[in-house]
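Asker: Sharing a structure with you now.
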């Protein structure tokens, strides 16, 4: 049916009658701006919904797989090296602390000195849940730069102490907290720049600590014997200053929550009228993912004896092999094979689909526990070197695939807090293990029982991790089943709507015929 000319004319007359009397609006006249009273609450909500759809739910950008990301990788590599190289070489500082602050009548000196290193390592991981919140709110760059500055202050203040007790705060708390704030953003930022090569890049980055673990024991051994403990700590401050500069390379691709809020406030015309509810700081919904909850429980369970060799191995060699002068070569062996393991197993992880990467961590915990229990059985120094080579290889395997597994379990958006929670849980066993080993040494006169006990938890934790692929696959089957059921319901609903509409058409046709 073609519309007649009379219908537009009638519509025009109705429009003119509805308008109030007054001058006709010209084309040059400015359009009226609606005030607060001219806009209803329903329209406000509609505008906010549309703005949220257009700005709030954008997909994260695709990782560029290179470019500036290579510089970010090098900066993250320096971060891992400077933070964990110093921590892994604490055995050298441990011996120097015994000589500098130890007294002949103090029978618990090994216990006290072990607390400094274990507290430092534990605080690095304990602060990670808090660091994850800072990373989400302020971004990787600001968090890393702040952490490096705090670490510099803590390490510098540690060089001016005259007894071991102040080191609990300056080295064990301040320096460690700064390292934690600098370390975790280096893991998170890599997932923004890489996806296909994430396993390899994580292997390269975490290999930084292996390189530093090779070099720092020799450097610290020479420095402590020539300039003393205090000046050695001041020289280590240079590493923190370089880390401070490296943090500026973490250019964000995914905006932080503060940046998202500022964008929303700029783009929303009615942002001042209605405020969104405050965002939850800690994302505890992660633990509803059963596979992640098991992972976050199994790894800390395996790490009760993990840090014991790094703290007490040097003193064990000093007591057991008194004629050996190059004790630092053991840390060099751990560092070399740890770097190889990070690169090798990081690349292997890229070929393992999904959460099956967890099996590599199970394998690594088995060999870490076995080598720890075999340390007291070594009667020659060469056998101890062989054990350290094996331990370093599988230590690199465990560390390099931690971030890729987190991305597989919870996705890139929640990976920051997932890693933060895990590292926070890891702080408890890593803090407790070395002091207990030092206490056993002070009471029994040797480290034999301490190393035997340190090898048991990795077997238990590895057994728990074996459940993760089964749990994850079961969850995926349930999701696919529910998705299939929803699709079937939609298909049936569409068919019923088609049938009802067709029956209505037939009814109208029959009525018209009648």
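Placement of Cβ uses the backbone N, Cα and C atoms for every residue, glycine included.
Per Swiss-Prot, the feature phosphoserine maps to 262, 497, 500, 502, 503. What Swiss-Prot lists as region 'Disordered' is 1-64. The topological domain 'Cytoplasmic' feature in Swiss-Prot is assigned to 1-65, 135-143, 192-199, 249-290, 472-514; the stated evidence is a curator's inference. Here Swiss-Prot flags 66-86, 114-134, 144-164, 171-191, 200-220, 228-248, 291-311, 329-349, 351-371, 396-416, 419-439, 451-471 as transmembrane segment.
Map the listed features onto the structure and describe their local environment.
Answerer: Predicted-model confidence for the topological domain 'Cytoplasmic' (135-143) is 87, expressed as mean pLDDT.
If one looks beyond the topological domain 'Cytoplasmic' (192-199) by at least 6 residues along the same chain, the residues whose Cβ comes under 8 Å of a Cβ in the stretch are 60, 62-69, 72-73, 140, 252-254, 346-350, 400-401, 403-404, 407, 412.
Nonlocal intrachain contacts for the transmembrane segment (66-86), taken as residues 6+ away from its ends with a CB within less than 8 angstroms of a stretch CB, comprise 124, 144, 151, 179, 182-183, 186-187, 189-190, 193-194, 201, 204-209, 211-213, 215-216, 236, 239-240, 242-243, 246-247, 249-251.
Same-chain residues lying 6+ beyond the ends of the transmembrane segment (114-134) with a Cβ under 8 Å from its Cβ atoms: 83, 87, 90, 93-94, 97, 142-143, 146-147, 164, 167-168, 171-173, 175-177, 179-181, 183-185, 188, 281-282, 307, 310-312, 416-417, 419-428, 430-435, 437-438.
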Asker: Have the transmembrane segment (329-349) and the transmembrane segment (200-220) got at least three CB pairs under 8 Å, pairs 6 or more apart in sequence?
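Answerer: Since 3 or more Cβ pairs under 8 Å link them, the transmembrane segment (329-349) and the transmembrane segment (200-220) do come into contact.
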Asker: Treating G and I as helix alongside H, and B as strand alongside E, what does DSSP give for the topological domain 'Cytoplasmic' (192-199) in helix, strand and coil?
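Answerer: Reading the DSSP string over the topological domain 'Cytoplasmic' (192-199) gives 4 helix, 0 strand, 4 coil.
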Asker: Where else in the chain does the transmembrane segment (396-416) make close Cβ contacts, counting only residues six or more beyond its ends and a cut-off under 8 Å?
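Answerer: Here the qualifying positions are 60, 132, 135-136, 184, 187-188, 190-192, 198-199, 202-203, 206-207, 209-210, 254, 283, 286, 289, 291-292, 295, 337-346, 349, 354-355, 357-358, 360-361, 363-365, 368, 422, 472.
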Asker: Apart from its near flanks, which chain residues at least 6 from the ends of the transmembrane segment (451-471) lie with a Cβ under 8 angstroms of it?
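Answerer: Hits for the transmembrane segment (451-471): 290-291, 294-295, 297-306, 308-309, 316, 354-356, 358-359, 361-363, 365-366, 368-376, 429, 433, 437, 440.
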Asker: Report, as numbers and ranges, which residues of the same chain sit near the transmembrane segment (351-371): CB under 8 Å and 6 or more residues beyond its ends.
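Answerer: Sequence-distant neighbours of the transmembrane segment (351-371): 291, 295, 299, 302, 305-306, 345, 387-388, 390-391, 393-395, 397-398, 401-402, 404-405, 408-409, 455-459, 461-463, 465-466, 468-469, 472.
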